[in-house]
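According to TrEMBL, the protein carries these features:
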type	residues	note
BINDING	Asn83, His88, Glu93	oxalate binding site
BINDING	His86, His88, Glu93, His137	Mn(2+) binding site
DOMAIN	40-191	domain 'Cupin type-1'
Amino acid sequence: MMFDVSYLINELILPLAAVFVNGFVCKNSMDVKAEDFFFDGLNPGNPNKLGSVVNLVNVEKIPGLNTLGISLARIDFAPFGLNPPHTHPRATEILTVIEGELYVGFVTSYLNGGGNKLFTKLLKKGDVFVFPQGLIHFQFNKGHTNAVAIAGLSSQNPGAITIANAVFGSKLPISDDVLAKAFQVDKKTVDWLQAQFWRDNNN
């Protein structure tokens, strides 16, 4: 019986030997296509109950971003819409306002003797603001009209931890004893917060 060695190598062995970088497969350069560097969906989204929606374009949507250290997001805001306090554990964010106005800010890590300092700014169309990597930050549309922002992030997979979701909506839930003591509230308040519908703000 004849055995096709090339078939064995190309179809059975090589796929199992794929190289992963940053958790994603690095394609053989001969298999890369223009579509690996293209995304056609940076469109307006429907804001959620907080009045905003984030359309993130990262390595999951553009495979060609892998190892390049960049990604992009479009954030749409309804009037008085909020992109709630959150962090990006793997990226600094630079944001520009395309339409409307946004009240934005971030909180520093604990400063010796100074606590956590808040930096805020009211951004108008064309203004730019930077949120350093890992720091809690937010964007809020204080106006009566829609707002749109574009954000660049210094990672192909920046990650996002929405503070309220992580603290009160984790699976499994954090003990109400822990949260009641940490926030200096009673357990009923913690239980009520944990019962709310926490959702991801990404589209």
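Just so you know, glycine gets a Cβ as well, placed from its N, Cα and C.
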Cα-Cα distance linking Asn83 (oxalate binding site) and His137 (Mn(2+) binding site), given in Å to the nearest integer:
9
Can you give me the Cα-Cα distance between Glu93 (oxalate binding site) and His86 (Mn(2+) binding site) in Å, rounded to a whole number?
12
